[in-house]
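Chemist: Handing you a structure now.
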């Protein structure tokens, strides 16, 4: 598929805008969640770690299920409708259920918040990404360029949220619920089409959404699956844990918390704009260096950002390190999908992504989030960052020898149907 066909594709624009709105809504939650938990709710760093552990707990409860459901539904929008409808109640839940429960009992609040946030964001994001990636292969547009719109949505919201948070934090959540109403309208208008190439592949059975339980379980007998999980836990998961409370560390370099939050919002926006530009170019880069090398580059960038934060002493340094996030995200996300569709059976792409990537990250984060929270309280941010950075570096080096660089597809031996090779360009 080329750029011209992508830009003339109606599905590209509809699902690009869907990405924009969904990540706009998500940005009303995650970038400022640790600050909201600390300043508004009044939680300690350890209690904040408990909340994030519960988010991970319920994310891993939902992700395998959503992965299998997504592969079975194919291009049907049932699951996406469920996630979008729940997002309408985002603000009422945070303000009238989540916060009061956290004041009443940390575990009651953390578990309740984990159910909601774990479904609509932690697991829901993976389901939506896997669905749109499937649509991109069926309709004939480039997934990486559609995903770029998500970066722009996050960027716009980060600036608005950074300003509104200092006025009234509740306004940020209501902005998210308002965006969900537009998301429902866009989803109603979405009518995924099928390109001529995809129709031929469907006729051959290459893109069949009919999968069996045996096919799913056979994934866990594959060395390639476990090596991908190792990379995900040791690199992507550790990086996510590092980034969870980075906003608190970031604002410590400013004279007032308000100035730090505002600067964090602007830095996030600038980073996401750069993220979008790089995301647009990522398919071109990945096609030249390969999916494995793309994941290794992402690991190197994450190592630099985490370890660099351990030695940062000025506001300028911490802003530059924050901007490195713009380089890491495109290489990790698009590289992961490229690796999955290049190594595994494309009929199981959503299952591999939600179990091998999202599920494994969240499962490990249950322990790592609480562990990191204790380290923050005992050792401080920078000593903890050094430990996390060394873990990421070590696993990245190991992955250079364990990830597969073969262009051939590995698919369950229990299924003999022909499988075509589909790539994200």
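The backbone N, Cα and C atoms fix where each Cβ goes, and this holds for glycine too.
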Chemist: According to Swiss-Prot, do residue 38 and residue 287 sit on the same side of the membrane?
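Modeler: According to Swiss-Prot, which assigns topological domains, residue 38 and residue 287 fall on opposite sides of the membrane.
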Chemist: Looking at 170-190, 191-211, which stretch does Swiss-Prot describe as transmembrane segment?
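Modeler: From Swiss-Prot, the annotated transmembrane segment range turns out to be 170-190.
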Chemist: For residue 129 (site 'Substrate binding') and residue 147 (site 'Substrate binding'), determine the Cα separation and express it in whole Å.
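Modeler: With the alpha carbons as reference points, the distance is 8 Å.
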Chemist: So if I exclude everything within five residues of the ends of the transmembrane segment (49-69), which remaining residues of that chain have a CB under 8 angstroms from its CBs? That is, six or more out.
Modeler: 37, 43, 79, 102, 106-107, 109-111, 113-115, 117-119, 122-124, 126-127, 130, 211, 216, 241, 244-245, 350-355, 358-359, 362-363, 365-367, 369-374, 376
Chemist: Let's see if you can do this one: DSSP helix, strand and coil counts over the topological domain 'Periplasmic' (33-48), in that order.
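Modeler: Looking at the topological domain 'Periplasmic' (33-48) with DSSP, the answer is 13 helix, 0 strand, 3 coil.
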Chemist: So if I measure Cβ to Cβ from residue 325 (site 'Proton translocation') and keep only same-chain residues at least 6 apart in sequence, which ones fall under 8 Å?
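Modeler: Correct list: 243, 271, 275, 305.
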Chemist: Using all protein chains shown, find which of the recorded sites 147, 305 scores highest when you count other CB atoms within 10 A of its CB.
Modeler: 147
Chemist: Would you mind listing, in sequence order, the residues at least six apart from residue 272 (site 'Substrate binding and proton translocation') in the same chain with a Cβ closer than 8 Å to its Cβ?
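Modeler: Long-range Cβ contacts: 151, 152, 154, 155, 158, 326.
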